[in-house]
């Protein structure tokens, strides 16, 4: 039998441990019984046990303290309630408050048959959380009242008592303050005769934790006799609030390859319960990790601080090998310091594994081929690369560079932002006859620098072979534009120049023919064989087809290819002016009053389509063969204007005065124009020719004067 004794002991010990564990799982902090009924004896005997109270904080009751609302009783460490001396009357109710660092609770002892005591209760509710207020010399005796929140019916229920040892007869107690006669009103009341304080409804510590009331005694007329004296009502916290995560969404980032123990983020929950108790003492844990690969425990959370840290090796934090670089953690916060009886709240923490540039881009091929027609520009080939880094970062985005084979800067390469490919383009047309083949060396790098232990290798460079295809190119005029200067009015058939166009396709030995492409005035002809350009009409500098003395024509050069190619050349003919336009005067109508004292008629201006020196100074004259002398006079004002005036008044009539104007060309050209002068009866009005300065008379004023003269017709 002896050999079996250790086995039996082990079995018994395991049963005890299992039972203890089960009890811990079912443990609820506080008094196991909240209300006790005690029959009032003839006398409570000193040190005699009255009843046993059972309190547990589910953590061993370390630093357990008991406090009784009556100074005549105490609770021993074993939970036994005893009297401190012989006493007969203790009132109708006692309260016992138990407290540890982890929990607290209050039990009510109802004295069946007890009577209200008349005497000093100076230490009622002595166990207030704050130090008792020093006793003052007064007859009203009050102590703080402690009331658990969330009490149930019945209400009202007595929670304390106020005593006035020197209270006059017929005096009354009066209670005031927030919770009595101030909002929220009617929570507390006092028996005006006995001083019993009662609560009328359930209290919520998270709404109001402490009520500051005042007690006073009054006479029958309501006049204050003593007081007011402060009365503090403290609401005892119950664990009735779950932890709440209020600051979401919670998103953290950690760089791939980070060392074990790297802090990612902090989770903080809030509990509305009393922070001085375990009701608001939180502990954190990770309930779930998604995905659960490569390890179901990629992260750890500090149970007290809420810091989330990595717990796997840096090799497992490789973004490129993870199925998903995003992890979601269900974080649970539990009050009561994490005991099973604690309330819980959860939140989701999203952790992103951020990329670092630990992979260099690599070309998918060492060599690429491209073809392009000579003369063409644009993209000729897309170079493809592979990069395992995050496509949304500069660790993936490629930057290409031509490092050899581009001395003429005929090529450029840019990155396609969608595909990350290198788009190689021709930006300067290539000539087959110059070079039919080109070889470029291209390198690729990332926008972001590589991490120190990674470098660009041979796969980060590639060769591009480009073949230039021969095409039938159009002939090219040289020079272009072609410029000649000739006098206008040269004789028809005059040779202006011989154009010259060459064929870039020098190896094909093609012939070239010429033709007129654009000749707005129809003045030119070109020999289709030798390119000689001559005139078919008189060249006129004043033609509307001439712009600023320059006439523009276009010619074609067409080769003999199949199909033929065409080139265009521009001819700019600068026409020199000759005096081929006579000047003209303005205005051609004037008026004057028949009784005018000022005999000035009009200021004449002259203009010429030719250029200087074939224009002004102009010479103004009256054609004397057509009009009598001693009636009209013309006087020069400046190079372009003259004043016409009368030598005597004329009768009302219309007069035609021939004006002869001559330019300064060699030979000069003359024009005779009739000036129509209207002599009017102006009544009280008159034309004031002096108002117009001889040198500053403007063309708009002359036109206005001409319009006014029409009124005399």
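Every residue gets a Cβ built from N, Cα and C, even glycine.
Per Swiss-Prot, these features apply:
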SIGNAL    1-22  signal peptide
CARBOHYD  52  N-linked glycosylation site
CARBOHYD  86  N-linked glycosylation site
DOMAIN    139-245  domain 'Cadherin 1'
DOMAIN    246-363  domain 'Cadherin 2'
DOMAIN    364-477  domain 'Cadherin 3'
CARBOHYD  382  N-linked glycosylation site
DOMAIN    478-585  domain 'Cadherin 4'
CARBOHYD  489  N-linked glycosylation site
CARBOHYD  500  N-linked glycosylation site
CARBOHYD  530  N-linked glycosylation site
DOMAIN    584-690  domain 'Cadherin 5'
CARBOHYD  598  N-linked glycosylation site
CARBOHYD  638  N-linked glycosylation site
CARBOHYD  671  N-linked glycosylation site
LIPID     690  GPI-anchor amidated asparagine
Rounded inter-Cα distance in Å - residue 530 (N-linked glycosylation site), residue 52 (N-linked glycosylation site): 134
Between residue 671 (N-linked glycosylation site) and residue 52 (N-linked glycosylation site): CA-CA distance (Å): 144
Neighbouring C-beta atoms (10 Å sphere around the C-beta of residue 500 (N-linked glycosylation site)): 18
Stretch-averaged pLDDT - the domain 'Cadherin 3' (364-477): 95
Per DSSP, three-state class assigned to residue 382 (N-linked glycosylation site): strand
Number of Cβ atoms other than its own within 10 Å, given for residue 671 (N-linked glycosylation site): 17
Length of the line joining the Cα atoms of residue 671 (N-linked glycosylation site) and residue 86 (N-linked glycosylation site), in Å: 153
Pairwise Cα distance for residue 638 (N-linked glycosylation site)/residue 598 (N-linked glycosylation site) [Å, integer]: 21
Nearest of the glycosylation sites (86, 382, 489, 598) to residue 500 (N-linked glycosylation site) - Cα to Cα: 489
By Cα-Cα distance, the member of glycosylation sites 382, 489, 598 nearest residue 86 (N-linked glycosylation site): 382
Under 8 Å by Cβ from residue 489 (N-linked glycosylation site), counting only residues of that chain that are 6 or more apart: 538, 539, 540, 578, 580
Per-state residue totals over the domain 'Cadherin 4' (478-585) - DSSP helix, strand, coil: 0 helix, 50 strand, 58 coil
Three-state secondary structure, residue 671 (N-linked glycosylation site) (per DSSP): strand
